[in-house]
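K.L.:
Just passing along the structure, written as structure tokens.
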Amino acid sequence: MTKKEKKSFNQSLAEWKRFIYNPTSGEFLGRTAKSWGLILLFYLVFYGFLAALFTFTMWVMLQTLNDEVPKYRDQIPSPGLMVFPKPLSALEYTFSASDPSSYRGYIEDLRKFLKPYTLEEQKNLTVCPDGILSEQKGPVYVACQFPIFLLQACSGMSDPDFGYSQGSPCVLVKMNRIIGLKPEGTPRIECIPKDENVASISTYPNNGIIDLKYFPYYGKKLHVGYLQPLVAAQVIFSANSTKKEVTVECKIDGSPNLKNQDDRDKFLGRVAFKIIARA
């Protein structure tokens, strides 16, 4: 058996040049111009067809969607609750009344959140009658004013520090928006401390009432300028208690069609947070 002769560098280079372009057959990278043209035409037609099919499919799907109201919505009829300011970790507010830097972030978050609720921002909103649903047929949907003074000590008007500098912090609670929701009865948000010997809770508006005039909600695109009703919970620690740590639970109450308890979702209609006031 004879060993295969090793090709010289010049021979290998010549073969590569011939592969890239063969002047005898006119081939480029092993294919003639006609062959390359047919391949490019095939892929152009093939991917053009796929793009057209995708575009047509998307167009058909978009025809089934409403531009103003989502076609598919959460099947849970009751809203959850959210709190502000945003806690730094695990729904826990830790601060020291004697150290402004410890609660500065909370105050800034509250001011930013309440900016749309100022009188100047609400001047184009409607003064709606209290106690009745604001059902509307369109095409123009009005948004009701939410007087910020209803939050009283937690409005930021009389106390720009929202009680944190006094050791009595405010936390705002709101319901999540659900399009078309019509609460029955007299909905309110009730906030209670786990240990009543440590602290008491003052809620604003009085009794945590949520006025029916803010319902139903018609969606972000239709209901321009809509403001969600708020309830403020102010934690007031007992002067006789040396412990300045309490867990507060807020839940929706007073409305038969709004749930605050569900076996599959323990947070439905309720929220719990902890307040820790350090010396």
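From the backbone N, Cα and C atoms, a Cβ is placed for every residue, glycine too.
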K.L.:
Can you look up which of Cys154, Cys191 is joined to Cys170 by a disulfide in Swiss-Prot?
P.N.:
Cys154
K.L.:
From the disulfide entries in Swiss-Prot, identify which of Cys144, Cys191 pairs with Cys250.
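P.N.:
According to the record, the bonded cysteine is Cys191.
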K.L.:
The transmembrane segment (36-56): which same-chain residues, six or more beyond its ends, come within Cβ distance under 8 Å?
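P.N.:
Distant contacts of the transmembrane segment (36-56): 28.
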K.L.:
Per 10 Å Cβ neighbour count, which of the glycosylation sites Asn124, Asn240 ranks highest?
P.N.:
Asn124
K.L.:
For the C-alpha pair, I'd like the distance in angstrom between Cys250 (disulfide bond) and Cys170 (disulfide bond), rounded off.
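P.N.:
Distance (Cα to Cα, whole Å): 13 Å.
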K.L.:
What is the one among the disulfide-bonded residues Cys128, Cys154, Cys250 whose Cβ has the most other Cβ atoms less than or equal to 10 Å away?
P.N.:
Cys154
K.L.:
What does the structure give for the C-alpha distance between Asn124 (N-linked glycosylation site) and Cys144 (disulfide bond)? Integer Å is fine.
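P.N.:
One finds 10 Å between the Cα atoms of these residues.
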